[in-house]
Each structure stands twice: as structure tokens, then as C-alpha cells.
């Protein structure tokens, strides 16, 4: 087992990474201060891992809360089901909520923990690659609104994150690829050597080689923990983690939540951010091509949806959280391994980026 | 104008108290960092004060959000109306939400500010006595759930609180009395000399004497700011502010939200807490009688609803937020001017308290 620390003063917490950690209740129990625990999961993950987690924590009084699976359910109606169950089982302020599942479960259970009785303890047990390397680390929680993704939520840190790498064996290949989009992102924004490692190991990762997965998860969490430790509430450098996300969120919103996976939308969005960085003369077309090839080898889409026009992107991007005082800010690359958040670009370059024929570009 | 400071480190903020402050936009403008402002109010307060506040802040781009009035609307459906309006008008992370109204508006606008895009700035402009002396100070925000009051929310501090005492001229007498319940509470829990002042001035307060109101509000906010500064997240002494509230919440829940005003339920609940303190031998029946007379002179109910039985109270109190690890904690008085939070009482005394004939007691 490997352990990382996210440094946030009194809100610091450990990330534990290893195989079969779900069966090691003692790793979780030391982070539970009361007798009550609620496990929030979904109807896909519950049959796979809920029973084992219940066994591990048999000393506690546990309320399992099984939600419908999918981004389409990341809304207030589903969040209410958590509150209903907590109140029906009389959970008090000393309760601990454990999120067992992917990013949607983690975001919703985390926001429920932030809001239930104005805040109770929270532990993340992410079971998808995407949530293991991204959403479970850093304290962003929330739900979607019909007018925008992740618009309602809280910054709320967990007591601990427990990553059981063995859970990836049950993850569909498409979701594994979606997780790799965020892994590759860390290389692009802050760790150029990691990009080289990924080029050498991308096939092993897709074949679920456990050693390669452990290395990739550890390195990704390390990058994220460092950035979050420096800027918890995203006033500066943390926003670089959103490479490809502003374009990507526009894709997700336009297609309707859940049609494209988040990582897929981020992948196509990253290609657009790379193209814009290239048009600004910040990275070479060769570097852009290198990154696009890696995303493509990871099994990810590198072209935005055929039916999306420039005006569709502009409309959805106008309500993005990265808009400040009416000005759109984008994460772009100054070179491979170095990202910048900026609103200092000509509008024509953005529009040219939105009008590129990506099919031709990524041939 | 008088100014108080709530001391919470980097989350410290001022409370401004005075007549006609709503017209002094400069007092608010210095706490607004962007260009966007949303004013959340209700359909009772809007016709009285919204136009004046809009005039005061004419330099900003303002979205007025007018909600239906009443505790019955302090729920998720109404909260969504705030998010809908913010997103429709494209408010970004730099927006400031101003609550103009009573406690329900302050609690909902505050929780909206805590949750919108994971947190935006927030200013309180309370227009009822209850919200001026209690709910606008201290950062508790939230909404009700069908199974419990204030069960969903956040601790979220405002940038500033602006109390315009002149707004009390339009407050119904019944609501003024409800506010006095919390004013009297401060005397009971931590300021015995203030109790004497209130006995001398209760008629002036009910007659809306501005000087008396200003003194009472200032002294109440001072008491609350001191307690909140010492214990922001209610791990200890802050819970003493809930004198009468555990019994009172049971009354509100049982009657249905909005039938009894919050302050009315707190008043009857306070009488029950006084009776229990007296049964425990902590205060004399003379002290209990003195406090009951003051509440009664303030125009407040001092007897719980005739149809509520002991088992009704016990059922509702079991889900109260003051329950920790299954143990009910109550705020009781050790003497007038000194409260304690305790679960160290015989269950028989609680049950005896619930079975008292309060009509006879308060004759």
C-alpha cells in the first residue's frame, strides 16, 4: 500500500492506494469518529463491492444508500434521496458518509456530507479510474443544474481517500479510457516526463496491468494533491487542472449529460485547447500531434461532436465557472508540461479554434 | 450608526446598526467585489424596500429575485428559484448575493451563496427583529426538510450585516414579539443585567421606541458575536444560543412550519427549559416566574400547544441536531444569565417537564 498526504492545514488528509483495500476495514475505521456510517453507492457498484465494505465495517451501525447509476442522476432529486435516508435512519452530526463509486457518487455524497446538518464527516472510496485520479482528491463536490454542470456544490474535504486498484478489474474499457484522459492531463499541465512514461505504458494501462495502474494513479494523485495544496479554492493555479474542461463541459451540456463520458468530453476539449495553444504559437504542431496521438491510443475521442457549431460552444462556455466578470478564461499550454490560465487571447483565435475541421486535423 | 465586529479570523465581518441605512449604498458597495449583485427578497418585503436598495446600488448590475413569503417556502423548491435566476442572468463566481428580508430569506440566500458555483459572496440586510438579533449573525444558513427543520445547510459567513432599524416600523406586532423572544434569550443565557434592562424597557420596545430598539439590537448582536467568535461551528458554547430551541423545534415541526412563528415556539420552549432547570433545582421557581412574566409581557405564548403530548415532543426531539451519538442534549439554565448544554439529566425529569400543566404553571 502507498500513502500520500494532501496538505491543507487542519483539513489535511491521506490518500491510501493499493490492491484489495476495501477488505481492510481498519484503514477506514480510524477515520470514523462516531458509531453511525452511511455508505452512498449506486446500483452498478453495490452488487460488486457493497457487501465487502459492509463486512469490513461490521462494528458500525451502517445505512446503505443505493442510488440510480449515471451522470443523468447527478441532480437535486437524487441528492434528496440521500437526505431522506439519513433522516429516516436518524443520522446525527457525528455520522460519517462514505462514497463508494465513481465521480458522480463522490460528488453527490460529498455535497450531501457538506450540507447534512451543516456538515458531517466524509470518506471517499472511488471505484473508477477517473474518480481515483481526479474527482476524489481535492474536495470539489456538487450536483448539476439543468443550465450548467456542477453549478451547485461546496468545497468540502474528506477525512481520507481509499483507492482500491483491484476495483478497476470490473470497470468497462470505455470508462477506463475516460479516466486515462485525466491521467494524460497531469502530464500535459505539469509533468512532461510523465507524458513519456505514458507513451511507453499506455498499452499496459489499457490491459489493466496492476503495477502500471498503481504507478499512474500514484503519480496523478501526487500532481493533484500538490496543486490543490497550493490553491484549495481555485483562485489561481488549481484552475490549470481544468485543461480541456471548458470546451469539454460545453460538449457535455450540448449533448445532454451522460451521452459522452466526462473523460471523453475532456479528451476532445483538450485537443481543442492544444490546437488553440498551437494557433497562439505557444506549442508546436508536432507537440500537439504527440498529445493527440497519446489520447487516441488511450481509446479516447479527439474530435468534438460533428453537430456542434462554434456558436454552440460560445453559448455554453459563457456560463462556465471559469468566467470572471464576464471574461472567459481558458487553460492553455505554454509548452508540454506547463499550463496557464488566461483570458489574454484574441477572440478571433478562439473562434478560429472552434471552427477548425478536427477530423482533418487529427488524421 | 453603530458598528460591531464578529471576530472569525479571515472570515471576520462587521455588523452596522442604524436608522435608514438601506439608503446608504456606500456602506454596502465597499463589500461588493464584482459588478454583479443579486438581491434575494420576498413578496412582502419587496414592495417596501427593494426599490430603495436598488437605488442605493445603482452602479451594479442587479438581478432582483423575489420569492414567496413564509417558513413554508424554506425548502429546496424555493432555493432552486434562486439558482434558476442566477444562472439565467449568468451570474459568475464574482457575484454577491444580498439577502433583504427576515430569517427565512437570510437562511435561504445564505445557503444559495454557499452553494452557487461552490461559494460566492454574501451580505445580510435583515428587516425583522428576529433576523437582526439572531439569524443574520453567525453564518448558519440552510433550508428545512420534511423530516426536520434546518437539516440541510452550511456554515457560511457573510461579508457584512447591515441592520436598518427603521425597517421595524413595517413589521407586524406579532413578529416584533417573536423577535423579542430571542432578545430575552440573550439575557437569560449570558447577561443577567440585560434582563433587568428589558423588564424596564419591554413596553418601549413593543411601542417601537427607536432608541430602545437600537440598544436592544446592539446588545443582542454583541452577545451573539461573542459566542459565535468563540465557537463558530457549534462544538461547545455556541449551542447555548439554542435555549428553548429543541423544545421549540418540536413544536414547529408538530404544528407544521409557519403555524407558530419561530420566536413563539422558542418562547414556549424556553418556558419548558426554565421549568426543567427549576425541577433540577438549578433555578428557583421565582426566577422561572420572573422570566415567564417577561416573555408574557413581550406578547409571547408561554404554554406549548394544547394538543401536544409528551410522546410528540420525544419523537421530534430524537432527530434534533443537538442529538449526539443518540444522546439528547438540552440547553438549561444553571442560574439566570448562565446557560449550560448538557445530556446529564434523569430521563424522568425530562418526561415530568413534558407532562407539566403549563396553563396552571403560568397563571
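Here the Cβ of each residue, glycine as well, is placed from N, Cα and C on the backbone.
Record features, source TrEMBL:
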- B:69-74, B:103-107, B:127-128, B:140, B:149, B:167-170: NAD(+) binding site (BINDING)
- B:182, B:245, B:262: Zn(2+) binding site (BINDING)
- B:65-177: domain '3-dehydroquinate synthase N-terminal' (DOMAIN)
- B:179-323: domain '3-dehydroquinate synthase C-terminal' (DOMAIN)
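Shown here: features listed in TrEMBL, placed on the structure.
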residue : record              : Cβ neighbours (10 Å)
B:69    : NAD(+) binding site : 18
B:72    : NAD(+) binding site : 14
B:103   : NAD(+) binding site : 24
B:106   : NAD(+) binding site : 30
B:128   : NAD(+) binding site : 28
B:167   : NAD(+) binding site : 24
B:170   : NAD(+) binding site : 13
B:182   : Zn(2+) binding site : 27
B:245   : Zn(2+) binding site : 26
B:262   : Zn(2+) binding site : 28
Rounded mean pLDDT for the residues that make up the domain '3-dehydroquinate synthase N-terminal' (B:65-177): 95
Three-state secondary structure, residue B:128 (NAD(+) binding site) (per DSSP): coil
Residue B:182 (Zn(2+) binding site) versus residue B:170 (NAD(+) binding site) - Cα distance in angstrom: 19
Three-state composition of the domain '3-dehydroquinate synthase C-terminal' (B:179-323), taking helix and strand from DSSP: 104 helix, 0 strand, 41 coil
Residues close to Zn(2+) site centre defined by B:182, B:245, B:262, Cβ within 8 Å: B:130, B:134, B:181, B:185, B:242, B:244, B:248, B:263, B:265, B:266
Three-class DSSP secondary structure - residue B:167 (NAD(+) binding site): helix
Candidates B:69, B:72, B:103, B:106, B:167 (binding-site residues) - the one closest to residue B:262 (Zn(2+) binding site) by CA: B:103
Three-state secondary structure, residue B:69 (NAD(+) binding site) (per DSSP): coil
Three-class DSSP secondary structure - residue B:106 (NAD(+) binding site): helix
Candidate nearest residue B:182 (Zn(2+) binding site) in space, where candidates are the binding-site residues B:69, B:72, B:167 and distance is Cα-Cα: B:167
